[in-house]
Amino acid sequence: MLPLSPPSDGIHSNKLFLVREFYAFLVMTLLTLNQFRKGIPVLPYPTRKLIRDTFLVSGIIVGIMYGLILAVGFPLPFTTLTMVPPWTVLVLVCMGAQWAQLIRETAGAAMMFIGMMKLWVCDNLLVFVYPPYFYVFTTLSTTGQIAFVLLLPVIKVLMRKLFSRAVQHLSDETPGIIVFNADVFGSLFVAYCMQRSPSTWTTTGVMMLDIITMTLALRDVHNVRKELQELEQRLDKAHAWRSYMYHGAVGHISLGRLVPTTLERASILLDQAAEEYGLGVGIIAPETTKNRTIDSGRKIFGFVRIHPADHGVDAVRQRPPTEASYTLKVRRLLYMAEFLLLLNYVEAMVPLVFSIYLVATYYLPNRDYYPIFDSMNDHQLFQTLNNVVLYCMLQTVSFFLLTFMLRHMLGQSPIKHIAFVLEKQVDFVQMCLVFWLLYNVQSSLQHMGHLS
């Protein structure tokens, strides 16, 4: 929104650019520090100190940027890549001043901090991976772009693997953090590729890769579901479920005269383990009351853990092999379903957000300084939106097809599943979305010193 002058006019005509950068670093520093605070709940980081450190880091980093601009020139070549290392050091210094002694004194804090540092390293790695990919993509012919797009799934899979190793200590939040970091960033660059490449073949190539990936994932879900059905037959012979139906013997579950669903079976078995070992490890918990009757519509429960706590897993493993195998496979199935739902949700949502961004920025004064709007008129904007919106619609159709198939395979509502995840992990989701959207808006500006 702040009006800028052409980069060729120099930094003295672009003082508002420094104000814009200060605000950008203010937001990104606040999000980063808050992400560490949420990821390491055993260590306190008072809000007052968090705000103080945010302003301190942002002011210092903009001062360093201004000094480099005076020494090197404006725009500073590859401003984002140049400023990320000193910004990272400053944030680490602030966290070190706040937590250095507490990390040594608090059990488990060191491992959590290392895990969050791995996550942050992965975040920074994204900044160095996708921009070069996008630059090479824009220099290729249409045929070359179709071939080069085949690298995208490889990059995404590698980044997911790195993120999954970094956030193991966050348990239930793992799928959300992986998807809303690696895949949000990747999907943004896919949207950029769709905007820069009007070829329908490129869009078709990306969609075919997504379909192949989803098919392979659904095959894995189907295999796990098939294994569960075999175990359910053995469990049904060994357990008199009607005793639970008539007496409501398992705490909050009252089955009436219905045959238990997969989640109900798993919850019964986990509650039995809890009663024997004195642990709360149930998969299913009530929304409002302790006792609840499941109606004929098989409503999904209000709370579904993706997997039990670590001590709960140990208790389950001491149960008979069939019961232990069944509950752990249910855990795995829910984990896979959540990951698939979040992945396809992001791939449908990000192009829509990108389309809104294109239209909004097109009518702002600073549009002249974004390469994607070079020589663009209303007709060309409409053509560009057609390409991105087509991709968005295809991804949306893919998402709803996935929910239909998962509902058939799992017997529960995927929409309620993903709504629960987005509600319970709203902090991480909002932080990741705002961070990466702000980064992309900033990094594509001519004043940031990118190659044109």
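Using N, Cα and C of the backbone, Cβ positions are placed for all residues, glycine too.
Any TrEMBL annotation is an automated prediction that lacks curation.
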Inset, instruction - Looking at the candidate ranges 55-78, 175-198, report the one that TrEMBL labels transmembrane segment. - result: 55-78
Inset, instruction - Considering only the recorded stretches 55-78, 84-102, 133-155, state which has the highest number of Cβ pairs under 8 Å to the transmembrane segment (16-34). - result: 55-78
Legend entry - Close approaches to the transmembrane segment (109-127) from elsewhere in its chain (Cβ under 8 angstroms; 6 or more beyond its ends): 32, 35-36, 39-40, 42-43, 80-81, 84, 88, 99, 102-103, 159, 162-163, 165-170, 177, 181-182, 185, 439
